[in-house]
């Protein structure tokens, strides 16, 4: 079994470590999904067992779909996430292109300034943001959330993308210039397709915190009309009584869209993470 | 149809002066090669001609028109890059046609020109492929084809052979030479390889540290270099430079090419020991450590048996010995 490149004990060891890690990482997720299909008594009686015919109950899901306006919350979350993602990628890529492609005075200072947001949490500015939104009449709108999340996502996007854009061949861009392509065509048709893997990386890192965020929806858009899924799930979280069935069901449902988006991006993502390692 | 005039072009990146005042005239149909060591500014000069870099001062005149403020696409030029720079998402055909399409050329005309260029470069079987499906040599031919279809006033080549392997390099070099003969177009070619320069050029421009050292035909540069730099850069193996004082000469440096030295086992001007011998079949390079002249290279045509440690006498050809002054210039 042992060959020059692998030995049995080492293979077993590596798999054991990876499997343990996978189990630890997946455990809470599986626990949530499992319990979301159980009755209240089932959840509290034996939280670690999968649903049996006796404990199986869809009460959580019926509550979620029946009580809160969950479809609507989902729609809000999706609109906010997708729109923010679109703007982060578009503006981030454009800024990164300018920083990596054009020589102008204060170029590196500008790059540093744009990357500063990575180090300073946007939540520190919550009060000011709220005042700003109140003044501009954007409280309780999805626009407010999209604007805040775009601002939140841009620093990392600019930072990562400008590194990748520097690697795009200058000759290719110059060939485009000689062929008479405009700078926009060069950006959209030549450069963007080549940095697609890194765009996917940025997309995943940007998307997940936005989807899971509770802070800004709670502060900027808590109205029934603009509630997001994470905020909607709070409905079932009472001070004295908590509807665990509904919460677990809501969380299980909330995993789905992120999972779908992740699967779409992940094919690109793997290439994005390794693309610098080998030519 | 394709003349070029460069008047006192200077280029600085911040405090670093890359081009220190270049003056050059290229007549229609000429094949001009810019050659020089890396960092000498040859690529920058080409980029200034193409309009991809703005010069700090000076004028670029193509066909009598000052193009210093004209964008690259409107200068009537085409460029071939070292890294091919093909559009990865387009087929060979669309790669070649994109520039014309952007300029609003009618489709039948584009097809006609692509047909001519692809048959000239034997690219017909690959027209529907994407660059990723082509080999390095084919990619560079596509890049050349892309330049040809534009029917430019000026072809610019930026080290087009550097990414190819040795055998392919010779073939593609031949193709470029034939292309020039067929199209009779003005071509400007940048390389650091003096063999490419010697084999392709009508006129060679030797650049060093942002200045033109000498302009002339290949044989002119070989036979009468203006200064020590050109003498050392043109010719392979490199010219031997010997301190004049060691030989009792008044000149600062004495230069003699390895092929202009003869060796003898019994007598000669400089007595030396063989340090190393390179046998190439057609010729033999001997490295001699001479008492008077120091370490020199001798190139002997044909096979010559010499073991390291053997004693040999080298004699320079007095008619082909160069004398350089303290400023590096040739003394007449």
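Cβ coordinates come from backbone N, Cα and C, glycine included.
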Original post:
Among A:186-211, A:212-237, where does TrEMBL put the label transmembrane segment?
Top reply: A:186-211
**OP:** Could you check which of A:46-65, A:146-165 is flagged in TrEMBL as transmembrane segment?
**Re:** A:146-165
**OP:** For the transmembrane segment (A:78-99), find every same-chain residue at least 6 residues outside the stretch whose CB is under 8 Å from a CB in it, and list them.
**Re:** 107, 110-111, 114, 142, 145-146, 149-150, 153-154, 157-158, 160-162, 164-165, 187, 191-192, 195, 199, 202-203, 206-207, 210-211, 228, 257, 261
